[in-house]
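As recorded in TrEMBL:
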{"type": "BINDING", "residues": "64, 66, 219, 299", "note": "Zn(2+) binding site"}
{"type": "BINDING", "residues": "64, 66, 219, 299", "note": "Fe(3+) binding site"}
{"type": "BINDING", "residues": "73, 131, 158, 222, 304", "note": "4-imidazolone-5-propanoate binding site"}
{"type": "BINDING", "residues": "131, 301, 303", "note": "N-formimidoyl-L-glutamate binding site"}
{"type": "DOMAIN", "residues": "276-367", "note": "domain 'Amidohydrolase-related'"}
Ligand SMILES: [Zn+2]
């Protein structure tokens with residue numbers, strides 16, 4: 001069944017030729033966009049939806065989440081709000097709870113969060129393993145992730161689990177554990193940070209992933225300056241995420257990674273995480289100004305960013321990181337798609353997957369102008385109305 005959405009007050013396409021359209025219409029059929037243009041020229045379709053002047057944009061593409069877990073870290077959050085500093089070790093609390101949970105509990109928790117994200121306009125998301133940290137627990141985490149996520153990342157190198165030595169653990173994580181999860185995942189990730197994995201260990205993880213043909217990701221430069229960005233760019237990673245502490249040279253490195261038409265490394269900023277850890281916000285303005293490709297993601301996880309709201313992240317990126325609304329929306333849709341290595345997501349143009357959201361507002365500006373207000377009026381995923 002084909003659908004035409006007409007009467008669109010403002011249509012964000014993320015397509016360089018189409019740009020931003022007013023009084024527009026979109027037609028989709030069999031889950032794909034088949035026509036985009038002026039409402040007056042729109043062809044007919046089986047189903048007709050009148051947007052009545054409201055804004056339509058691509059569904060959010062959330063390219064960084066940790067939604068396969070069990071348990072709760074309210075106490076850690078309260079301690080942090082009372083003045084304690086964030087350290088990577090809190091992850092162990094979630095690891096214990098995740099190992100103790102059944103597959104059904106993990107799946108139910110993921111469904112709850114994925115449904116919540118969908119109601120907020122997220123039509124595609126990546127999620128990571130990394131709270132199992134044994135071969136069996138990482139494999140079942142990947143399997144649970146696969147049941148809902150568009151893209152799954154193996155994050156065995158999240159933390160050295162309690163009772164193990166780092167080198168001993170890495171032999172496992174880059175050997176038998178990696179072998180066991182490879183059929184279930186698209187990418188490999190490493191938490192390159194003080195208290196997690198150092199430069200040489202991170203290199204070992206990335207090389208192991210590369211050998212298996214996986215996409216590469218790095219959690220880098222979150223808690224202070226470090227080698228994460230450099231390692232990511234050197235290895236041709238799909239993305240380096242957090243990037244709160246960047247030298248001018250590293251910003252240049254990220255921008256240059258795209259020069260000459262090369263597939264570069266996306267700089268993924270996680271504004272909700274920066275706020276929840278009370279850390280400095282990533283320099284998204286400087287990254288965009290330098291010509292880097294930026295993605296905005298939620299980093300939904302129970303420790304440092306317990307939100308699935310991409311609208312909140314976009315509002316924060318505008319109000320606090322000083323992106324324009326247009327830049328922030330692009331980073332939360334097309335930027336996420338590029339970070340996932342996908343060219344069918346994050347845009348509304350012929351051939352793209354019909355993942356769209358309609359706002360209860362005349363323009364995307366309202367996402368930042370009316371922060372905290374749930375503006376999602378309707379969501380289509382693969383052409384099907386889901387909200
Ligand atoms: Zn993360």
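Numbering starts at 1 and runs along the chain as displayed.
Heads up, the Cβ atoms here are built off N, Cα and C, so glycines get one too.
A TrEMBL annotation is a machine prediction, not a hand-curated record.
A map of TrEMBL features onto the structure.
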residue: 64; record: Zn(2+) binding site; Cβ contacts under 8 Å, 6 or more apart: 126, 128, 239, 241, 268, 270, 295, 297, 298, 299, 339
residue: 73; record: 4-imidazolone-5-propanoate binding site; Cβ contacts under 8 Å, 6 or more apart: 90, 93, 94, 302, 303, 306
residue: 131; record: 4-imidazolone-5-propanoate binding site; Cβ contacts under 8 Å, 6 or more apart: 66, 68, 69, 70, 91, 94, 95, 97, 98, 137, 141, 158
residue: 219; record: Zn(2+) binding site; Cβ contacts under 8 Å, 6 or more apart: 189, 190, 191, 192, 193, 196, 228, 241, 242
residue: 222; record: 4-imidazolone-5-propanoate binding site; Cβ contacts under 8 Å, 6 or more apart: 193, 228, 242, 243, 244, 245, 279
residue: 301; record: N-formimidoyl-L-glutamate binding site; Cβ contacts under 8 Å, 6 or more apart: 65, 66, 67, 69, 94
residue: 304; record: 4-imidazolone-5-propanoate binding site; Cβ contacts under 8 Å, 6 or more apart: 86, 90, 273, 276, 277
Counting every protein chain shown, other Cβ atoms within 10 Å of the Cβ of residue 158 (4-imidazolone-5-propanoate binding site) number 27
Around the Cβ of residue 66 (Zn(2+) binding site), other Cβ atoms found within 10 Å total 28
Close to ligand 1, in the sense of Cβ under 6 Å, among 73, 131, 299 as binding-site residues, are 299
Its residues classified by DSSP, the domain 'Amidohydrolase-related' (276-367) shows 35 helix, 10 strand, 47 coil
Around the recorded Zn(2+) site (64, 66, 219, 299), other residues with Cβ within 8 Å of the Cβ centre, ordered by sequence, are 65, 128, 241, 242, 270, 273, 297, 301, 305
Among 131, 301, 303, the record's N-formimidoyl-L-glutamate-binding residues, the widest C-alpha separation in angstrom comes to 12
DSSP, reduced to three states, assigns residue 73 (4-imidazolone-5-propanoate binding site) to coil
Largest C-alpha distance in Å for the 4-imidazolone-5-propanoate site residues 73, 131, 158, 222, 304, as a whole number, is 20
